[in-house]
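Engineer: I'd like to ask some things about the structure below.
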């Protein structure tokens, strides 16, 4: 028996309404019979229940979200597996039912946010991401559809479903690209490991869209957009924006992850500085303890390769002892060998492009997608040095009087009930 209205999972969670269908499962509004509260239940799709890889990914999602506890991260309450009348066991997550609206729906309705609301959203999101980054987790799919805003202006990040612990064995296939093309970091589009700086890049794209009303890169398909993230600089932001705001977004959208803010905390601190009227601080280029600095995105140009080769040769010469003037013969290649090397390089580049095309998601953020996965329970607070500073900037109350249209709500996000004291904000469009 497939999930349907009235089904009770594990004798406790009674499904009441289908909210959304995503890549891995369905999200239902349900009632917890034991505690008498409304919850969201994400049920793994039946066609994936017999697939060990999908089952493991679903379990990993539960473990990931169970590590985190922060007001800015939607909560997970429970995980379980339930027998479905002879169809085998089906896994599910029980999550916080968020009373809010996804940012992509807000932007669709308003065009862009006022500057003060955009900066408030970015700082809150950065501080919430820092909790995950301090725990060794990378979200890998930061986008407006995964950023919810409650009637009081509280930001909640959802859908850590493709997040993975940086130090854990990957569940996804080697080289698999995870993320959404419009918001993907260049290193992710190339199939490299995602880092906290990758989340910062994606959040920078969100910020670009929030303050300008458009995404930095557009194209006919996911591959085109992803290649622009890899190779092209973002178009200049509108000149009516303050210089420090433009500088903040420009820093987060550099191609080299080592040149960005290294995690959500330093980014949030930079946003706080901008909100206070100061210039954003330059990112620290010191890599996190125990990790090598990420490599720059390769440009594929002969000049870059030649410069790197020359630098390595010079360093090698300095480190070798004198050999009495004897120099080994210089290695040369025949024209046939050079042709083979050139062909191998072209084939390698084509392989990367094909991999991106096969696995990257659709370019838009409004198409049906996997339901966001809220997150919860941390085993203690991270050290103060990992929090990225204190949240000194006051959170704005985004609530205004009057009705708010709720179009395009996604995941398990629900509009306020008639008993809500405040309706969702009709966000001010920046002039």
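Cβ coordinates are placed from backbone N, Cα and C, and glycine is handled just like the others.
Feature annotation from Swiss-Prot assigns ATP binding site to 19, 20, 21, 22, 23, 24, 25, 26, 27, 42; the stated evidence is sequence analysis. The phosphoserine annotation in Swiss-Prot covers 10, 75, 105, 198, 309 (among others). Marked as phosphothreonine by Swiss-Prot on the basis of experimental evidence: 90, 125, 152, 172, 174, 180, 313 (among others). Residues or ranges marked as topological domain 'Cytoplasmic' by Swiss-Prot: 1-339. Feature annotation from Swiss-Prot assigns topological domain 'Extracellular' to 361-431. Annotation source Swiss-Prot lists transmembrane segment at 340-360, citing sequence analysis.
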Engineer: Need the DSSP three-state call for residue 10 (phosphoserine) to compare against my parser.
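Structural biologist: Assignment for residue 10 (phosphoserine) reads coil.
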Engineer: For residue 10 (phosphoserine), identify the closest of the modified residues 75, 90, 125, 152, 198, judging by Cα separation.
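Structural biologist: Considering only the listed modified residues, the nearest one is 90.
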Engineer: Among the modified residues 10, 180, whose Cβ has the fewest other Cβ atoms within 10 Å?
Structural biologist: 10
Engineer: Compute the C-alpha separation of residue 75 (phosphoserine) from residue 27 (ATP binding site), stating it in Å without decimals.
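Structural biologist: Approximately 14 Å lies between the Cα of residue 75 (phosphoserine) and that of residue 27 (ATP binding site).
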Engineer: Given residue 90 (phosphothreonine) and residue 21 (ATP binding site), what distance in Å do their CA atoms have, once rounded to a whole number?
Structural biologist: 16
Engineer: Would you mind checking how many other C-beta atoms are within 10 angstroms of the C-beta on residue 90 (phosphothreonine)?
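Structural biologist: That number is 23.
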Engineer: State the Cα to Cα distance, in Å, between residue 21 (ATP binding site) and residue 125 (phosphothreonine), rounded to an integer.
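Structural biologist: Distance between the two Cα atoms comes out at 25 Å.
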Engineer: CB neighbours of residue 152 (phosphothreonine) within 10 A?
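Structural biologist: For residue 152 (phosphothreonine), the count of other Cβ atoms within 10 Å is 15.
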Engineer: Which residue among the binding-site residues 19, 27 has the fewest other Cβ atoms within 10 Å of its Cβ, if you could check?
Structural biologist: 19
Engineer: Quick one: Cα separation, residue 125 (phosphothreonine) versus residue 180 (phosphothreonine), in Å?
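Structural biologist: Between the Cα atoms of residue 125 (phosphothreonine) and residue 180 (phosphothreonine), the distance comes to 18 Å.
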Engineer: Which of the three DSSP states, helix, strand or coil, fits residue 198 (phosphoserine)?
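Structural biologist: Helix, per DSSP.
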Engineer: Identify, in sequence order, the residues in the chain of residue 198 (phosphoserine) that are 6 or more apart from it along the sequence and have a CB within less than 8 Å of its CB; answer 'none' if there are none.
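Structural biologist: Expected: 138, 140, 185, 187, 188, 257.
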Engineer: Could you tell me which three-state DSSP class residue 27 (ATP binding site) falls into?
Structural biologist: strand
